[in-house]
């Protein structure tokens, strides 16, 4: 036993020796920090701006950066990062002074970025009026704008025109049309198994008049839950009924439902522009999500944009880049072509709307509500989907489960 | 590498023969070569020394680069640690007295950077409230609060702006909406000036010098912090700019009083003072949004165990963690040992079988669970659809079946490892005891039970213990396969039937996004888990030693 430990440690040591010579290890970390630090420092020749982008936006931002570079003499360094890593990395790295000057991001991060003090307000000035109202609203907290929006994304009803020739007005119409089509699924909504998918189901919930949080007059959310009560219970009952009837199932994950729709196994799917690539062979129409309750079915709108770091040493360059270069029609159109989401700039969105698909999503988005960006939303996600999935699969008593969810969320918010 | 160090070891003892030193040495291979006993090999100018000199030069150059970068980045800890490491490395490799250290030092440095530092840092975080809302220092929090609460004066115009200087002080020159021009600096409010306006923007101004883009960027920190009062009345706000092209009128909604260390809300008059939790708090108990990191003592450890919502689920999670870790080790070991014994006999194509058996081990531990979660999907998974002919077995969604699935998948993942170590141990068993057993008339089974198994256990028990510790924290498997689900139906916290302690920590500390992140709490809980595993392992190792003695 002892001997084996000795042997192992000797082996490790030898390996270390041969692998790295007599290298020390402290430098790896130090190196990175040094490299990162150099980029945030204002350089003499017009300055260097560090921008975090993800793969889909890289080329479009690079194009805008080129215009910026040639006009101002500044240098823009794009750092490629996976989109899902950006949020946590930005919060962790900005306080150390090693974060970027500008990062791409989604509007629903805003609450978390603000409480952690890592994001700086951006004064859009007169350009604010040139953007779609919902886009600027989404990036606004407590009356301050914190980012430059560039794309709006929302879900809608995607219809295979060969299988259904007209847009269903209500949920029952949609199911009837789906059954007439004689396909494997009358209607497709993705779910994530037991975790549910409250984002995709949200338009049906709003059609029962049960929005997740109370909204202020200016459209911002308060941390008061609004999805309880009678309306919420009615929605829960609807989930249970449709689950029992087989119209809703939690087993159709994103991949499964997209593949089924692409194979013509359903005339309808609730989804966003990110699915369209797989539906290239189909004739599609984009319709509003049919209401299941008495009110309009409003999906969530997600807005993507660019944030400026609170610790940027190039705040001037960063704001200049955002407000004067990424807000132009060319830049927003380029971002649209790269990402496929309707642009946030009205002029660019108008141009992009020549495509009926884009116009369809945009039309649905006009009636949609921004996804709450308040930090309390995290606690809602933790219970919401699981409860919905439990009700749909028939495991849970609808009203009871729904009310337990409300009290659990309130407990989590209160703690 | 060997050239560099090997000669040093034996010859150093030739030079200073100590009691008994010579006798422990292996026969020296280079005895034939001429050795000058008065010269240290560490200093002799041979090819070995030159090679060492070159390598140390590289190391030192690298070290100096790091020190310099750390200096620039003002990272004093890294700078100090690097200096110390450099000094030690140079001393060790140029001294004659540090022969053993020459071999051990790189390993020690790895240990220090990757283990001890991480543990110390976790320990430090466990006593702070680092997390959402307490992300950085107090200075950062103050800066962020002030920036977030500087508000544009309602309906104020946007002013085309030019950055100017009167020699040393910066100022702004703006064109007002009515076309008049004005200039001012931090101390002097905007006053009308004569200026040349070109395309709506001032290009030259009396008494001030216009800065070009280059000069502005060199002083961008000053430009963005400059506030030029709009008039003598502070309520009119002051002009600031974020892009040096357009100015806006702003008024601060929060004012920081450095002497009193308080924040004052200018609209309500409420005064916020810093509290013990690292936040600015008003008399009525309301706090400002951005806080900072402070030491909170043992609070993280007490909150971890005082939240009543967690009491019930916590107990279930602990039980399942032990069951899971123990069953995982037991099943993988039994299957691995069985296969190893079976394939230890000479069979045709043994090598092929062995290679095939090790295959699951080659699949990364976080990909395989993901794969299996697809295979086990209730409606569309391969297992139900193809193997069971369309059955709808809720492999991952029924509490009991999910536990079973987890252990089964872990068995699939883990038995090749046990198979490997058992094969190795079986092959190195002494043949004489086997023969002795045969001579004594013991049957095969009896030999296996009384001789093979105990000998096998001696060499594999330490690995079983480490395997237990690994499975105790097998985050990737649980997270990727079931995500902890199915949820406890009766609990009010987002935990499920297959959550183990480490995935519970992940959820409790909000790292999965279901609650505000609390790195302090997460660190405290992982220290608790560390203590549990360390205790179990220590006891188990002690037992192993007695096992060793018996044999």
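Just so it is clear, glycine is given a Cβ too, placed from its N, Cα and C backbone atoms.
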Fill in: Correct range for transmembrane segment (source TrEMBL, candidates B:404-426, B:473-495, B:496-518)
B:404-426
Worksheet, complete the sentence: TrEMBL record, transmembrane segment, of the ranges B:352-372, B:373-393 the matching one is B:352-372
Worksheet, complete the sentence: Under 8 Å Cβ-Cβ from the transmembrane segment (B:404-426), and at least six residues away from its ends along the same chain, one finds 324, 327-328, 331-333, 335-337, 339-341, 343-344, 354, 357-361, 363, 365, 368-369, 372, 376, 395-396, 452, 455-456, 459-460, 463, 467, 471, 474, 477-478, 481-482, 498
Worksheet item: So, do the transmembrane segment (B:447-470) and the transmembrane segment (B:519-541) meet, by the test of 3 or more Cβ pairs under 8 Å (sequence gap 6 or more)?
Response: yes
Discussion item. For the transmembrane segment (B:317-340), give me same-chain residues lying six or more residues beyond its boundaries with a C-beta closer than 8 angstroms to one of its C-beta atoms, as numbers and ranges.
Written reply: 357, 403, 406-407, 410-411, 414-423, 426, 456, 460, 464, 467-468, 471-472, 474, 495, 497-501, 504
